[in-house]
Amino acid sequence: MSAISRSALAVDFVGGAVGYKLRSGAARSHALLKATGVSANRPLHVIDATAGLGRDSFLLASMGATVTLIERSPQVHALLAQGLEAARAESDEIAAIVARMTLIHGDARALLPTLQADVVTVDPMHPARTKTALVKQEMRLLREMVGADPDVADLMQAALVARCGRVVLKWPLRAEPLAGIRKPSYQIAGKTVRYDVFVNPRAPAEEALPRADDLALFRF
């Protein structure tokens, strides 16, 4: 990726669409909240297994959730760290949200067996659309930086056996179901994506494994 492209990709939790949703209260009706079960009265612990630009994690944290962000790309991890640091210095309100976000650099497939949470979310690089003009420039830049996610089925398998109450897969609205995994318990549709929700019948054993938010070493 060129230096120009790299500089065009940034993590911003204050301005743009993220800031607007926070200021306007529009985030409260987001389909992701319904899929995860997160609300102001139910501040769950969520592991975002594919943090990306961190927007979904910030949305969940803004509603009171404690969120652990796992990102395996060194470049994207660095962008997230910069974005979190900048957001923390913006205002007391934003700093309080960021304080509920813990960033870890690593492969979620290896980390998930060592952690527990109420919810695990997975938002892989979605299959490329045939009409590339429909793909936002930002997502094209991100795809150039990290490439595709050919191992998404393996990641989902790791998530489905993790110590959590449910797994939420973010997937294109009209795309075929992800092959190689079991059928979701139910689906929640958004405007352009859907959330495939996999409910685990057993709650995680609280004493068996550390909760990811206890890993203060990785907190930003």
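Cβ atoms are placed via backbone N, Cα and C, with glycine included.
Together with Arg55, Asp56, Glu71, Arg72, the S-adenosyl-L-methionine site in Swiss-Prot holds one more listed residue from Asp123, Asp151, Asp154, which is Asp123.
A strand conformation is recorded for Glu71 (S-adenosyl-L-methionine binding site) in the three-state DSSP classification.
Across the binding-site residues listed here (Asp56, Glu71, Asp123), the residue whose Cβ sits among the most other Cβ atoms within 10 Å is Glu71.
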